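> Sharing the feature lines straight out of Swiss-Prot:
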type: SIGNAL; residues: 1-27; note: signal peptide
type: DISULFID; residues: C53-C115; note: disulfide bond
type: DISULFID; residues: C159-C208; note: disulfide bond
type: DOMAIN; residues: 249-346; note: domain 'Fibronectin type-III 1'
type: DOMAIN; residues: 348-443; note: domain 'Fibronectin type-III 2'
type: REGION; residues: 533-553; note: region 'Disordered'
type: COMPBIAS; residues: 534-550; note: compositional bias 'Low complexity'
type: REGION; residues: 586-616; note: region 'Disordered'
type: COMPBIAS; residues: 592-601; note: compositional bias 'Pro residues'
type: REGION; residues: 711-801; note: region 'Disordered'
type: COMPBIAS; residues: 745-759; note: compositional bias 'Low complexity'
type: COMPBIAS; residues: 772-791; note: compositional bias 'Low complexity'
type: MOD_RES; residues: S814; note: phosphoserine
type: MOD_RES; residues: S947; note: phosphoserine
type: REGION; residues: 980-1012; note: region 'Disordered'
Amino acid sequence: MGSGGTGLLGTEWPLPLLLLFIMGGEALDSPPQILVHPQDQLLQGSGPAKMRCRSSGQPPPTIRWLLNGQPLSMATPDLHYLLPDGTLLLHRPSVQGRPQDDQNILSAILGVYTCEASNRLGTAVSRGARLSVAVLQEDFQIQPRDTVAVVGESLVLECGPPWGYPKPSVSWWKDGKPLVLQPGRRTVSGDSLMVSRAEKNDSGTYMCMATNNAGQRESRAARVSIQESQDHKEHLELLAVRIQLENVTLLNPEPVKGPKPGPSVWLSWKVSGPAAPAESYTALFRTQRSPRDQGSPWTEVLLRGLQSAKLGGLHWGQDYEFKVRPSSGRARGPDSNVLLLRLPEQVPSAPPQGVTLRSGNGSVFVSWAPPPAESHNGVIRGYQVWSLGNASLPAANWTVVGEQTQLEIATRLPGSYCVQVAAVTGAGAGELSTPVCLLLEQAMEQSARDPRKHVPWTLEQLRATLRRPEVIASSAVLLWLLLLGITVCIYRRRKAGVHLGPGLYRYTSEDAILKHRMDHSDSPWLADTWRSTSGSRDLSSSSSLSSRLGLDPRDPLEGRRSLISWDPRSPGVPLLPDTSTFYGSLIAEQPSSPPVRPSPKTPAARRFPSKLAGTSSPWASSDSLCSRRGLCSPRMSLTPTEAWKAKKKQELHQANSSPLLRGSHPMEIWAWELGSRASKNLSQSPGPNSGSPGEAPRAVVSWRAVGPQLHRNSSELASRPLPPTPLSLRGASSHDPQSQCVEKLQAPSSDPLPAAPLSVLNSSRPSSPQASFLSCPSPSSSNLSSSSLSSLEEEEDQDSVLTPEEVALCLELSDGEETPTNSVSPMPRAPSPPTTYGYISIPTCSGLADMGRAGGGVGSEVGNLLYPPRPCPTPTPSEGSLANGWGSASEDNVPSARASLVSSSDGSFLADTHFARALAVAVDSFGLSLDPREADCVFTDASSPPSPRGDLSLTRSFSLPLWEWRPDWLEDAEISHTQRLGRGLPPWPPDSRASSQRSWLTGAVPKAGDSS
């Protein structure tokens, strides 16, 4: 990615990363949850009790304990101590002094404990846990006493256990063994032992034992003796005694601490009869259930009085029947009358038993068992259920009527549910049961804890899950990442689309057009690198042209790399249109050839005045730079159609891949004349090593692309057949001062372009050995054909180098300074777009010089030449930029000239209106030719269709065959040429391949009669 990508990664990344960091941190935070709830504990022994509480959450929650709903103070570490993990240690206080003081101290730590975990996201409260302290004092409240009983009588042993928590249970032992109770004869009422109809075997030692979690306590041993009854006479006397029960009165209970005792009644009776009073009286009572009910068995209680006594062991809310019976020993008297007494109801003295909670389908089921019968204190009319207020459920109560012992509570949110149950009588609700709690976990937590138990998700559970902070944070992070990825993709697509825009700089790493159009075996190419030196070169320096082919020691090693890549073409590359590139380069090195005398039929060309010829070559026009070219000898005949067929249509012809663009200006031919060759010494051919100024070992005819630098792995351009060069005509003899350079375009009748009329230019001037003459073309570039390349061939083995004066003269010419020429306006052609530079074909200067020496009229070849004259104005800035490249080429510095030409084509002249002319002049100065842009089209077949220029035939006798080159041909030629020059040998051996190529290029000098 380019700088935009760097900016994206370097500038836009920190903000998303910071947001992800913050949101990720929030995603880890969670509200507190109670994992381990405290359990009921009992302080016993000397060790402390532990209330455990575990919670989870992020940040880690703070644990706080509450006692009976109030925050627990940690100011007394001897009673409470909080461990770092949240566990609460409860120490048992030391019991000293009176029991009353001990109870006050214990009440400070007894109660219901709850654990509260809180952080910045919320608070969680655990279920309540009750702390109990097991206490059992030493002293019994009532000790059993020694008793003497008579067989058949009732026996009561009273026992008051010591105070303790929990309330101690009382059991009786006889002779060191637990006493076996017998319903109806041996029963325990309260804490007292009652024996009805005592028997002889009931005698023994009885002991009361109190037991709770704190331990057990034993009372003193009481001795019981059962004696035989008195004489039978006493029994008969008792039958005459009459007992009248007068009153049964309910006694008010005395305020006592601890469990409330049952109700008591006061019985009063009256004895009548002749017999003596009885020794003892027994009270009998039973509960009355209904009139139709036969009633329960009577309960006998021995009274301690003779006319009145207190009777206990009753229950509130019951209807009782009372009566009194006298007795003396084993003798019993008749029973008294029966009195009815209804005891009022009281609140139940005991809570319901077995309270449980279980979760159901969106509800909690509460179930319980009735309290013990002796603690009903009336008729149980229903139950009251209280719910402790917490975060899950507010405080509420429900009433269950009748004997139902179950309640269903609807739940809305997960959490902790704690309930208490109390029995209700006519007097009200009794004692509450111990709080029982149930924790309802969420579905995910429950499934995680117990994977085997699958709980189906409901809509409420799904909503609760989606509302959790971690789920919301995770969703936000995923959404942000998705948006970030979409943004990056859009950015990359738009960034990649910039490289495919129109213009010259549209090259990518893999140019499919170049891959398809280049073949190492068919097309020559430029050297691998173009070395150029920074700065301009002195235009006055001169060197051999052979230095262009070798390494220039003045060029630095870090010079620019070639614009062309020699990477092999990738197979299977589709044929795509190329609407913004020039075509590739072809370099043909033409070997030197001896000068050939011009034909006497060649018409004389118009010459410049001697004052111009003596100093420098005149500037051609505002469309071109001063150049010196030699005319090539006649070419071998091979039309593009034949070349196309010979190559079996393997080359992608330029005319097939781009539309034919018509020129906007008339066709013009430029000609330069090196100088008069009328003198004898000039007409003679110099030696190979003479080194004369007029000698040129070779000429380079090249055509290459001027455009942006291609990627190194771009494939080679497709090779094209070289078109025939313009016809070389012979002028008058070298002694004739009037030399003419005439050239015309030859086109078949099928050519859509109109044929240019014959133009003969005549000019006279004094001959000079060093004079150079030029016939200037019109300011427009020619556009002969878009299907062939321009090739320039030398006729003379000379390469002239301009002097600084000549270059300066060319640059100083203005539009108003015209050379004396006879202008013949050529036939106008169809206009071409300004961006199309057309086909430029010029003869070499040496050829023009030969034609000037030949003199004479115009033969058959004259009709094929066209030399429209024009003035030579001062070049535009774009032309001046390109002139630097041409000047470098004149000084044997082809790499620098190439770099100058490319640098002048980097886009600075794209807005110049003279760009077409300047580029044509510069290209023509180097022997280059540019093809028009191809139209946007897509080739569907790998083989090119027939060229639309296939029928365009050039001269029947002068045409150029299809050149087949190897990619390393130029390097081999350079090495061979340099080695031969270093050894003093001719540039080309007679039997070498270069000679054959040279013969191809130069050919034989046509005779005067072959002009047709």
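Glycine is no exception: its Cβ is also placed from the backbone N, Cα and C atoms.
Keep in mind that this is a model prediction, so the values were computed, not measured.
Context for these features, please: burial, neighbours, distances.
In the three-state DSSP assignment, the secondary structure recorded for C53 (disulfide bond) is coil. For C53 (disulfide bond), the Cβ neighbour count at a 10 Å cut-off comes to 24, with all displayed protein chains included.
The C-beta environment of C159 (disulfide bond), restricted to residues of the same chain at least 6 apart in sequence and closer than 8 Å, consists of F140, I142, Q143, P144, V170, W172, D191, S192, L193, C208, S219.
Mean model confidence for the domain 'Fibronectin type-III 1' (249-346) is a pLDDT of 82.
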> Could you put numbers on the helix, strand and coil content of the domain 'Fibronectin type-III 2' (348-443), residue by residue per DSSP?
4 helix, 49 strand, 43 coil
> Looking only at the domain 'Fibronectin type-III 1' (249-346), how are its residues distributed among DSSP helix, strand and coil?
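The domain 'Fibronectin type-III 1' (249-346) comes out at 0 helix, 45 strand, 53 coil.
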> Tell me the Cβ neighbour count for C115 (disulfide bond), meaning other Cβ atoms within 10 Å of its Cβ, over all protein chains shown.
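For C115 (disulfide bond), the count of other Cβ atoms within 10 Å is 26.
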> Relative to the Cβ position of C208 (disulfide bond), how many further Cβ atoms are located within 10 Å?
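For C208 (disulfide bond), the count of other Cβ atoms within 10 Å is 27.
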